[in-house]
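Have a look at the structure below, then the notes.
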Amino acid sequence: MADRDRSGIYGGAHATYGQQQQQGGGGRPMGEQVKKGMLHDKGPTASQALTVATLFPLGGLLLVLSGLALTASVVGLAVATPVFLIFSPVLVPAALLIGTAVMGFLTSGALGLGGLSSLTCLANTARQAFQRTPDYVEEARRRMAEAAAQAGHKTAQAGQAIQGRAQEAGTGGGAGAGAGGGGRASS
């Protein structure tokens with residue numbers, strides 16, 4: 001212990017190689033560094049895993065639709081361009097070609113952005129739902145404990161009342177009837 005205190009941050013001349021390895025850095029043993037969060041000792045939470053499992057297929061589907069729209073617009077342009085150039089004047093097919101290309105790229109981008117924004121929205125909703133759940137569970141647990149305590153208190157009061165009546169009936173009831181009966185007869 002004294003050697004470790006004298007060794008300081010860098011291990012010092014008195015510290016052995018093993019002591020330097022245990023200290024790791026900052027003069028703290030490695031176990032404390034792990035506890036402080038320098039190394040992650042647990043994986044993703046259940047809510048994170050559920051969020052990923054739910055949102056990946058949806059986002060993937062929307063991104064696939066985005067890719068299909070892009071592919072369809074490129075193939076459509078490749079097929080329609082020669083037909084427009086052969087059977088129409090030059091300006092009309094050029095305008096249609098540019099319009100189709102712009103619409104295809106805009107559709108592709110819109111579907112991609114829609115997929116990403118829906119993933120973000122669902123992820124935020126899922127996180128908020130899972131963060132609220134423990135509060136509701138804790139509130140229900142507290143109410144159940146209060147109800148159980150109140151029921152126990154009422155049961156104890158009822159038991160004491162019954163016990164008190166039984167004692168009165170056993171001891172005070174016989175003496176009270178004889179004394180009360182004699183008082184009424186003399187009046």
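Every residue, even glycine, has its Cβ placed from backbone N, Cα and C.
The compositional bias 'Basic and acidic residues' annotation in Swiss-Prot covers 33-42. Per Swiss-Prot, the feature compositional bias 'Low complexity' maps to 155-169. Feature annotation from Swiss-Prot assigns compositional bias 'Gly residues' to 170-187. If you look up Swiss-Prot, you'll see A2 marked as N-acetylalanine, on the strength of similarity to another entry. The region 'Polar' annotation in Swiss-Prot covers 2-51. The region 'Disordered' annotation in Swiss-Prot covers 17-42, 155-187. According to Swiss-Prot, the feature region 'Hydrophobic' maps to 52-123. The transmembrane segment feature in Swiss-Prot is assigned to 50-70, 83-103, 104-124.
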Across the region 'Polar' (2-51), average pLDDT on the 0 to 100 scale:
56
Mind checking how the region 'Hydrophobic' (52-123) divides into helix, strand and coil residues in DSSP?
69 helix, 0 strand, 3 coil
The compositional bias 'Low complexity' (155-169), counted residue by residue under DSSP: helix, strand, coil
15 helix, 0 strand, 0 coil
